[in-house]
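Some notes on the structure that comes next.
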Amino acid sequence: MNRFALHLAALAITLASTGPLLAEDDLPIRNCTFCHGVSGQGFMVAPRIAGQRPQYIENQLKSFMAQVRDNPYARKYMHNASANLTPNLVTGFAQYFASQAPRPADDGDKNLLATGKDIFENGIPSQNVVACVVCHGPSAEGVRQIPRLGGLSYLYVKRQLDQWNEGYRQAAHPMPKVAKFLSPGEIDALASYLSYVE
Amino acid sequence: MGTTGFKLGVRSAAFALALCGMSHAADRGKGPVSRQSIESKIEYCLICHGTSGQGFRGYYTMPRLAGQQPQYIENQLHAFKEGRRLNPIMQNVVTGISPGMIQPLAEYLRSLNAAPHGGGPTEGAGLGKRIFEVGLPDANIPACAVCHGPDARGTRQIPRLAGQLYWYVTKTLTNFSRERGQRGEDSSGIMAPVARNLSPAQISAVAAYVSSLR
């Protein structure tokens with residue numbers, strides 16, 4: 001029911017903002033799924049995009065096009081892949097993949113689940129680590145432009161947090177400041193926990 | 001201000017404040033608070049409450065702290081610590097704020113002067129302005145301006161409302177007695193009946209109005 005309501009809302013927003021939604025037949029989905037996996041579930045270093053927040057997908061695509069998102073795989077693959085997107089395609093892809101049901105990657109270290117959950121929900125006040133839940137939501141489902149993290153692969157989440165500390169994606173406020181207070185072990189625990197969240 | 005300018009601003013302001021924080025902390029025998037720990041704590045607060053303290057809308061709404069009355073900030077931090085104000089996130093956060101940090105943090109936040117966050121609905125702002133300035137005598141709603149000031153900037157323990165986020169004001173007035181004034185009286189008790197007597201439409205109108213004020 002929730003998902004159905006979400007679809008309706010997404011459809012209404014699309015109709016209101018950009019004219020008719022592109023029919024799936026007119027969307028070159030395969031250009032995306034070739035790397036992001038069948039039904040957008042992610043594959044290797046290409047993250048799951050199924051079930052991602054449509055506003056987040058749009059923002060990322062625009063950020064690739066403007067070459068603002070600058071981590072190595074973004075530069076290597078997504079800058080080119082997004083170069084010729086039209087506004088209609090950006091919206092069409094965002095709506096399409098947002099409406100696909102996400103499946104959790106379940107590939108983190110199970111021994112770190114409790115630690116990761118604790119950091120996600122409570123942060124670590126004594127060392128200035130904020131609680132992820134305040135922005136990403138209790139099930140890491142994201143909202144508006146804030147991405148869903150629940151079920152993303154261990155490697156992808158770990159790489160993003162590492163890369164903020166390496167100086168990439170500095171425009172993605174406030175994440176560079178969040179990541180800098182996390183130790184490598186805490187990043188491991190968070191990425192492990194999130195990979196199991198449905 | 002660019003990032004570097006902002007950082008420098010934070011640094012120098014934090015340094016000055018850390019020094020007065022240190023003397024106060026030393027006065028109360030609670031040990032010195034290092035400049036570094038104050039700077040980091042400010043950075044930590046602003047991750048959630050907005051780069052310039054203007055507030056931030058995540059899954060939950062983080063209120064504006066910029067220009068807030070220091071006495072109000074101090075009272076709320078103590079209320080979280082003592083369980084008089086219930087909020088799982090902030091009750092966790094205060095476990096990492098030592099007594100000597102509170103005053104320098106509150107002074108720093110008062111010095112911030114961000115533009116309003118905006119983004120909320122503007123419908124009803126006219127009604128909101130009327131409630132704010134003259135109240136609703138028939139519904140036992142006093143004029144907000146009497147306590148919060150004609151410019152909504154508050155005074156001493158009475159909070160600034162100008163520029164506060166629409167969603168935060170709405171939430172606060174909607175669940176006032178479930179979050180504040182727990183375990184005995186505190187000064188927030190005065191707001192409980194006012195919040196109770198406001199209808200959802202009136203709450204929305206007041207929130208829309210104060211959120212637009214500079």
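Cβ coordinates are placed from backbone N, Cα and C, and glycine is handled just like the others.
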Pick the one from A:MET65, A:MET78 that TrEMBL also lists for the heme c 1 site with A:CYS32, A:CYS35, A:HIS36.
A:MET78
For A:MET78 (heme c 1 binding site) and A:MET175 (heme c 2 binding site), determine the Cα separation and express it in whole Å.
20
Assigned element (helix, strand, coil) containing A:CYS132 (heme c 2 binding site), judged by DSSP:
coil
Can you tell me how the residues of the domain 'Cytochrome c' (A:111-198) break down into helix, strand and coil by DSSP?
50 helix, 4 strand, 34 coil
Which residue counts does DSSP yield for the domain 'Cytochrome c' (A:14-101) in the helix, strand and coil classes, in that order?
52 helix, 2 strand, 34 coil
Alpha-carbon spacing, A:HIS36 (heme c 1 binding site) to A:CYS135 (heme c 2 binding site), which is rounded to whole Å:
25
Measure from each Cβ of the binding-site residues A:CYS32, A:CYS35, A:MET78, A:CYS135, A:HIS136, A:MET175 to the Cβ atoms of chain B, and list in sequence order the residues where some distance is under 8 Å, or 'none'.
A:CYS135, A:HIS136
